[in-house]
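S.K.: Before I ask anything, here is the structure I am working with.
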């Protein structure tokens, strides 16, 4: 399956060009107002692109009206129809496809069993909990065998506990049905844990697209680096031997970037806290510590910078002001375009 | 604690409310009492008791033809008003277009214009079009009068309906018309029914505008009543009034029972 929009020129979405592979789940991740929902609604046909095309399985559907695109969509508000029962909602798309009553009944029963709601088929929508409504919405979208499954912030109306269990459930449903899916979220954990590939969007553009690992480990710029996970950012100048950072000297790096101003990225878990007194690394002091059970995150002042450092919790956190040394592998330093030059 | 002051306050409040209602209902009560008098003219207090006025109502042919005319006009008015009001409300709540506010103000403006002015204006407009004293003319005039009410109730219903339900239906394969019929219409049913009842009653009661536009061929019931009052103001007029009040009351009660008119009129997003 291919999907392209060379340059949808709506102000909200500017030049987004994405290809989703058959059976893949692609996440559109970005802060609110970055154009991810508009992009999804253009794919669904609910919003008309100003320019550009949308292609599904080689067929240009840009001019096809929304009700003939054969897609399935799950909305943030679930968008269930309150005047119909659970089964009535799920059967809606099959009604539109004029399926024989027997087959309709069979498919509704089958999908409701798969989302473990078989016993609630005759309930009114208002009688269901949030998680149950979410499952009805998913069943309703999947029962029609959609060419593409579109999910618009499907979990953000639910509480944290439910969100995590439904993540797995949605992903498993999508994998077992082999449906190609596009998934919009502002939650980086959701995107990283559910999607095959993630497209990070910023101000109507795709900042980077790649597997969760690629995006986390090799972010394209400072925006992606800070939006996905936490980051220590060091501004400096790239020279022949490494990045010159005020206070830290020259940090050896491997990069193909041309010399000039850059921002160096260091993930908190790449920084090590050296316990034995040594001359390695940089000397610093603990500014604060936050203990989360399995891990302690320190903020450490060293050489005129403040570093965030993740350590595995092996006892009580160090006291505020304690003298420590920090160090990192040269390969852990990623060189990004300078942060103000975008 | 039930102190004396509390009780006094509660009782004076109840008395006040009761008095207000008595004041509001008193004229209707007078009409009801007069409607069972034995005289041949309207007087108060009555000096006899008889159901003859009610018999007179049903044996007066003008009243019966007036009733039929009014029912025909009200029925057509209601259907046309609903069709126009649903389209207009959809445009106002679902689309944003230039002049939306002006169009909305224009369609609700008949509420602000005195009916006597409207009646005269329509008379002048309809004369060259040969619409005076025709069902077409009367229904058109009544639609203008009823639209503000219907647009109001239907718009309020529409604005409480979540648009994403309509989006979901469209993605699932429902054409715009099917989406309207299977999703939007069932969800705004309370507003549509409230609008229908209001339109029917407004049209059925309308006297002023009808007075300008009707006369020889078609005489709606309220106009018949006024004509009748001029020549023979007997208690049958009161009897007819009581019957009309009961009719309106029953219509409102039936809807209230079915889906809570009060609620559908008040619901806001």
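Here the Cβ of each residue, glycine as well, is placed from N, Cα and C on the backbone.
Remember, it's a predicted structure, so these values are computed and weren't measured experimentally.
Heads up, here are the entries from TrEMBL:
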DOMAIN    B:67-255  domain 'ABC transmembrane type-1'
TRANSMEM  B:16-36  transmembrane segment
TRANSMEM  B:67-93  transmembrane segment
TRANSMEM  B:105-129  transmembrane segment
TRANSMEM  B:135-151  transmembrane segment
TRANSMEM  B:191-218  transmembrane segment
TRANSMEM  B:238-259  transmembrane segment
S.K.: Can we call the transmembrane segment (B:238-259) and the transmembrane segment (B:105-129) in contact, meaning three or more C-beta pairs below 8 angstroms at a sequence separation of 6+?
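M.R.: As far as Cβ distances go (cut-off 8 Å, pairs 6 or more apart), the transmembrane segment (B:238-259) and the transmembrane segment (B:105-129) do not touch.
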S.K.: So if I exclude everything within five residues of the ends of the transmembrane segment (B:135-151), which remaining residues of that chain have a CB under 8 angstroms from its CBs? That is, six or more out.
M.R.: 72-74, 76-78, 80-82, 84-85, 88-89, 92, 104, 107-111, 115, 118-119, 122, 126, 129, 195-196, 198-199, 202-203, 206, 209-210, 213-214, 218, 220
S.K.: Apart from its near flanks, which chain residues at least 6 from the ends of the transmembrane segment (B:105-129) lie with a Cβ under 8 angstroms of it?
M.R.: 88, 137, 141, 144-145, 147-148, 151-152, 206, 208-213
